Amino acid sequence: MTSPEHSEDERQPLLTKPSGPDESQSGFGSSWIQFRKPSAMWLLPMYTLYAITAGSLIIPEFNATLGLICHQRHSPDNSDFQLALERCDGNTQVQSDLSQFYIYGTVLSGILGAIAGPNLMGFSDKIGRKPILLISVLGPLIADIIVLAALHYPDEVDVKWLLVGYAMDGLSGSIITATTASQAYISDISAPEDRVSSFSYIQAAFTSAFALGPLIAGGLLSVFDSLIQAYWLAFTIHLSLIVLFTLALPESLKSTAESRGTEENTTNQPKAEAEAGFFEVISSARGLIPSDRSSKTNMYIVAVTEAALFGVSMGLVPLQLAYSAYMFHWRSSAQSAFLTGVNLWSILVLVAVVPLFMSRIQRRQQAEGQSEGQPQTAFGPGELGTIRTCLLLQVAGYITIAVVHSPLGVIAGSLIAGSGAPLSPTLTSCLTKMVPEERQGVLLGAVSFLHAISRILLPSGMNYVYGSTVGTQPYALFALLGFGSGIFLVASMFIGNKSTLPDIPRFPYLMNYSSRS
């Protein structure tokens with residue numbers, strides 16, 4: 001609740017005569033303070049560069065791991081690394097060893113990430129978002145060094161050392177923690193009604209990793225014809241990001257503490273919570289448990305849906321490539337064009353459609369005068385309807401792929417499912433409005449924990465289903481994904497919201513019919 005002092009200050013004129021020779025009120029000082037104010041425009045370019053770099057390493061990482069396994073395990077007498085890689089291309093034993101290695105790396109990184117991510121985000125409420133973003137880059141940087149050492153000295157550095165890179169990646173939180181820390185940064189500096197649009201830009205940057213990353217990697221490999229140059233470039237970018245996060249990015253939490261008094265609230269928290277140990281992962285989940293039953297149900301549905309969506313997105317891309325290669329014999333060029341086209345469409349929806357739609361809803365709300373005197377709710381105007389509409393689009397997209405067994409069906413179904421890209425930022429925005437401002441880091445840390453768990457379970461389950469059915473019904477996986485999305489769509493109908501504003505009036509069956517508050 002706003003204090004009387006704040007109310008008086010807000011009624012003062014914006015422009016007043018300077019009372020003294022205060023530098024902060026001079027033209028230069030005021031401009032510099034405004035320039036260094038925390039803003040999404042500071043964060044988004046850095047996060048986008050981070051995400052695209054991670055995406056551009058997908059192909060080089062695959063080839064480097066495959067080449068090292070082939071050279072060290074199956075062609076130890078062959079001194080030519082590239083020639084050994086070409087000879088092992090169709091070796092089923094090499095493919096089996098590669099698959100087993102990826103399982104070890106994924107489980108190791110996922111478990112360590114599940115431990116480190118929530119605690120790092122919990123610490124961010126005390127030490128700020130910048131240090132966490134900085135830590136999230138250290139793991140990939142160390143992994144780059146290990147891979148470079150293995151590529152330069154393939155006979156001396158065993159491929160098992162790459163697992164140390166996976167471990168460092170997990171301990172630093174990597175892209176998962178960088179994403180949640182970026183979302184916390186946005187939450188610190190934005191009003192609740194503006195978060196969907198801001199989170200959409202974060203999601204668009206994350207999607208750009210899959211859209212632009214493989215294209216960049218393919219271009220680098222075609223120009224340099226070597227994996228080493230690609231990793232040296234990634235090393236340079238990660239090193240530059242450390243400098244940018246340290247020196248250029250303004251801290252968001254300090255500004256929030258000064259303006260909203262969160263620093264005082266933090267000191268009043270129970271001492272036991274403030275002294276929670278690093279490995280007490282479950283303590284972070286307390287940010288997900290509201291007191292009343294209705295809010296608790298809402299948060300469970302939203303959090304589980306968001307975590308499942310993340311797990312599916314992490315495991316779906318390689319299976320889409322495998323399905324298209326098996327069914328339609330698509331090769332690298334066709335697969336790259338397919339992934340780029342689908343992800344660019346998702347980016348367009350995120351950066352153009354969602355902000356325009358949400359701004360239109362807010363303008364209509366202000367024009368009708370409905371925002372005055374209304375309590376803040378977890379689901380703003382249009383948000384609950386957006387969640388249900390996106391889930392419906394994903395159901396339709398996956399079912400289209402499962403039913404229409406043709407290249408056109410895969411493309412159309414993927415574009416339809418890609419139209420549901422606003423689902424993740426909308427869910428995250430709603431989650432941040434369910435807890436106090438001083439608990440944002442703890443909340444997003446718990447979300448990071450769920451992400452790490454779903455990153456292990458769902459891709460493993462999807463690979464098992466596809467491997468078990470590819471010989472008879474290769475489209476069964478997409479039918480299962482459509483069924484799962486349908487379950488979450490039904491669950492979203494049980495979400496309650498004490499709001500007088502309807503969601504997306506054009507779709508009355510998707511509207512929120514809860515009673516007026």
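Glycine is no exception: its Cβ is also placed from the backbone N, Cα and C atoms.
Not measured: the values here are computed from a predicted model.
Listed features, source Swiss-Prot:
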- 1-12: compositional bias 'Basic and acidic residues' (COMPBIAS)
- 1-28: region 'Disordered' (REGION)
- 40-60: transmembrane segment (TRANSMEM)
- ASN63: N-linked glycosylation site (CARBOHYD)
- 103-123: transmembrane segment (TRANSMEM)
- 131-151: transmembrane segment (TRANSMEM)
- 161-181: transmembrane segment (TRANSMEM)
- 204-224: transmembrane segment (TRANSMEM)
- 230-250: transmembrane segment (TRANSMEM)
- ASN265: N-linked glycosylation site (CARBOHYD)
- 299-319: transmembrane segment (TRANSMEM)
- 338-358: transmembrane segment (TRANSMEM)
- 391-411: transmembrane segment (TRANSMEM)
- 442-462: transmembrane segment (TRANSMEM)
- 476-496: transmembrane segment (TRANSMEM)
- ASN497: N-linked glycosylation site (CARBOHYD)
- ASN512: N-linked glycosylation site (CARBOHYD)
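Against the transmembrane segment (161-181), the recorded stretches 204-224, 391-411, 442-462 differ in Cβ pairs under 8 Å, and the greatest number is found for 442-462.
Counted within 10 Å of its Cβ, the other Cβ atoms near ASN63 (N-linked glycosylation site) come to 16, all protein chains included. Contact between the transmembrane segment (40-60) and the transmembrane segment (391-411) is not supported: fewer than 3 Cβ pairs lie under 8 Å, counting only residues 6 or more apart in sequence. Put simply, of 131-151, 299-319, 391-411, the stretch with the most CB pairs closer than 8 A to the transmembrane segment (476-496) is 391-411.
A Cβ distance under 8 Å defines the sequence-distant neighbours of the transmembrane segment (391-411), meaning residues of its chain 6+ beyond its ends; these are 305, 320, 323-324, 327-328, 330, 338, 341-342, 417-420, 423, 475-476, 478-479, 481-482, 485-486, 488-489, 492, 510. With respect to Cβ pairs under 8 Å, the transmembrane segment (338-358) is most closely packed against 204-224, considering the stretches 103-123, 131-151, 204-224, 299-319, 442-462.
Counting Cβ pairs closer than 8 Å to the transmembrane segment (103-123), the top stretch among 131-151, 204-224, 299-319, 442-462 is 442-462. Proximity of distant same-chain residues to the transmembrane segment (204-224), defined by a Cβ-Cβ separation under 8 Å and at least 6 residues beyond the stretch ends, is recorded for 44, 47-48, 51-60, 63, 175, 179, 230, 233, 317, 332, 336, 339-340, 343-344, 346-347, 350-351, 421. A Cβ distance under 8 Å defines the sequence-distant neighbours of the transmembrane segment (131-151), meaning residues of its chain 6+ beyond its ends; these are 46, 50, 53-54, 61, 64, 68, 81, 120-121, 123-124, 157-159, 161-162, 164-166, 168-175, 177-178, 181-182, 185, 227-228, 231-232, 234-235, 238-239, 241-242, 245-246, 249. Cβ atoms under 8 Å from those of the transmembrane segment (299-319) belong to residues 210, 288-290, 339, 387, 391, 423-424, 427-428, 430-431, 434, 446-447, 450-451, 453-455, 457-460, 462-463, 466, 477, 481, 484, 488, 491-492, 494-495 of the same chain, restricted to positions at least 6 beyond its ends.
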